[in-house]
Each structure stands twice: as structure tokens, then as C-alpha cells.
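First comes the structure, then the notes that go with it.
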Amino acid sequence: MATFPVVDMDLINGEERAATLEKINDACENWGFFELVNHGISTELLDTVEKMNKDHYKKTMEQRFKEMVAAKGLEAVQSEIHYLDWESTFFLRHLPSSNISEIPDLEEDYRKTMKEFAVELEKLAEKLLDLLCENLGLEKGYLKKAFYGSKGPNFGTKVSNYPPCPKPDLIKGLRAHTDAGGIILLFQDDKVSGLQLLKDGEWMDVPPVHHSIVINLGDQIEVITNGKYKSIMHRVIAQSDGTRMSIASFYNPGDDAFISPAPALLEEKSEVSPTYPKFLFDDYMKLYSGLKFQAKEPRFEAMKARETTPVETARGLRAVRWNTTKRNQN
């Protein structure tokens, strides 16, 4: 079995820069995921983030999750559950404006630490985007500029905990999906596993490595690179023992950012059309919200339909929605 790619960022500025860039390129083309070590975020900050998040879950979120489980009767389920995920979660928005001060039940030290963490992650995300540009032969800053829109990128953090599950064979921690946005930076528990990606038709564990940051690519990177780089289906498997921490930060295009394949990556012949659609990111997100746990290809096709005529677009979206409703009823 292939070995999950691990990239040492210490090597990016030395004699092994070319080899490190090639490793990132291969991971983006063939995995859609890779793991970063020596990424520049201090271990002290990572340890503080982990402790504060685990303490917050125990103090505030754990009992609420147990009450939800009891209310829905999930401990006694006898057949597979397809409509929900075994996770306790909340979302912190950083850009274009922060909502951290508005989230209830967060201690002031927690808010301060997560703001500091977000600053470091934003810098790392933009550094990685420029490395992707270098590999793709795009001008430095191209991806950041493509994401910018009128108010800058959307950047936020999904804080999740996956408690022990009494029926891990029947309930997913998080159902299989690709991420809608740009580049995702995950700080995950190094003691409790559960994240898997779909590689060559088989589910493969993403190894939890202490103090690492897991990177994965979203649908917008696939579109901008015209399919050279891929977003990959992934899921979280519920575990019967231990609570898994997951802190995933999403560096996404701005709502009004216009997303399309980079002209430099299209074939030179003018008669060859792009494989991927052109759209406003917010329009894609509206479609994604109802189709997250389905294959990405129908989403791309629905967005491409909007490039033709309004009538064809309406028909295409109605067909997608009808099929979705039908599947949900089965």
C-alpha cells in the first residue's frame, strides 16, 4: 500500500527545495492530501490550542452532546444512520470579519489563543498557495488573488470533537465528502484516529502525527487547476473508545470571487474548452449546501449548466434536486 505523503517544511528553503516541491506536487495530483511537519507553528501554541479545546469540550460541549444523543435515541439504533454525523462542533469565523467574540461559553484566554492560532494558519495557508503556484507555473500570488473577491478570502475554523460511539458500525463520525473551498489545514488529535481518505477505490487512514498539520485541497483548487490537482473524498470513522479532537481551518474564496480554470493551465488551442466551469463562489456554496455528501461531479456539471442558458440551468438544478430528494427518501 502507498505511504501517506509527509512533507518536511524545513527542507523548502535548502538544497532539497526541488525535491520537496515535487513531493507536494505529487501529493496534490495523486492524493489531494499531505501532512506537514516543521511547518513553523510553535509546538507551545499547538499544545495550548489542544489543551484549551479539550478542556472546553469537557466543560461545555460534552453534556450537550449526551443530551442530544439521548433525545434522538441514538444509543439504541439497530440500522445504519445516513442523516447525521457523530460529532460535536462549532465554527469560528476569522475573515473577512471575526465572530469569535460572539460565540457563547468561550473563556477570554480561549478566544485570544484561537485568534493567535488563526493568524499563524492564515500565513501558512498563503505560503502553501504560493508553493502550489510555483509548482503549477502560475505567477506568485495567483491563487490568493483568485480567492480574494472584493473583501478578501473567507477563512474560518471548524472545531469538532468526536466522542466515543456505542454503534460505530452504524453511525459515521462524519460522512464521506469533498470540501467545497480552497485549502484546508487540520490540526488533529494524535492519539485517537478516525480520518480516512479514498485512495484508488479504498479507504485509507490519515495517520495522526504529533504536532503535524494535515493539508487537503478543496473543490475550488480542482477547478482553478482544471483538474490537475484534485479534491478527494474523505470521512471520519466513529470510534468506540476515546474522543477525537479535530480543528479544521478553511481558507476559501470570498463570496463574490469569480472562480474559473487558470488561463495559463488551459491548452493553448483556442478551440479546446475548459473542462471545469466558471462561477461565483457563493453560487457554488449554495448548491454544495444541499449536495455535500454526494459526488462532486454533478455539482460541477450543474455549475457548468449556468454557463449556457437560464432554462438549461433551471432544468439541470431541478434534476439534481429531484435526484437528491429521491435518494433521501429511499
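Note: Cβ is positioned from N, Cα and C throughout, glycine not excepted.
The Fe cation binding site annotation in Swiss-Prot covers His177, Asp179, His234 and rests on sequence analysis. Residues or ranges marked as domain 'Fe2OG dioxygenase' by Swiss-Prot: 153-253.
Take the mean position of the Cβ atoms of His177, Asp179, His234, the recorded Fe cation site; other residues of that chain with a Cβ within 8 Å of it are Ala176, Thr178, Asn216, Ser231, Ile232, Met233, Arg235. Packing around His234 (Fe cation binding site) is summarised by its Cβ count: 23 other Cβ atoms lie within 10 angstroms of its Cβ, all protein chains included.
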